[in-house]
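A.B. asks: Pasting the feature list from TrEMBL:
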type	residues	note
DOMAIN	107-139	domain 'HTH psq-type'
Amino acid sequence: MDFKEIHMGNLIKIRVREKKMGLLRICGFLKCTAEEIEKMYISSSIDSDMLLKWSKLLEYDFFRIYSQHIILYAPCNSDQEKEQSKEDSGLPNFRKSLYTREIIDFMLNQYNSGNMSRQEIYQRYNIPKSTFHKWLNKYNSELKESEE
């Protein structure tokens, strides 16, 4: 899965095929025409209201894909910005990062293939050393077994 270049329409189309969902049901649920559905399939981005409807219909959290992108590719905040962000905000504050198995496998593959050192992974993805070390102990043997 390419988390850097996200083509949401294509991902939705893949999920529709997996669920073997008919066009009539989709059109009825989303209240749109078949032509509009086809346009969404070729669109790289989808309006958030529409994406929420797709997520409900297909029983898949498409927003999580964007979260993975942010975890991997968003720049790290400086200490000053972190201090400012702790102040009261009208927006919800999420305490933990979401590391799915795909993200963990991606980082372990980067390390195991020699593309990145541990230090590079810590800095680029802002992963705590203890977290990455736990992943190495827990998932690295599973990852190597699946490759064999």
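Including glycine, each Cβ sits where the backbone N, Cα and C put it.
Just so you know, TrEMBL annotations are computer predictions that nobody has curated.
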A.B. asks: Give residue numbers and ranges for long-range contacts of the domain 'HTH psq-type' (107-139): same chain, 6 or more residues beyond its ends, CB-CB under 8 A.
C.D. replies: 71-72, 76, 99, 101
A.B. asks: What does DSSP give as the helix, strand and coil breakdown of the domain 'HTH psq-type' (107-139)?
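C.D. replies: So the counts come to 25 helix, 0 strand, 8 coil.
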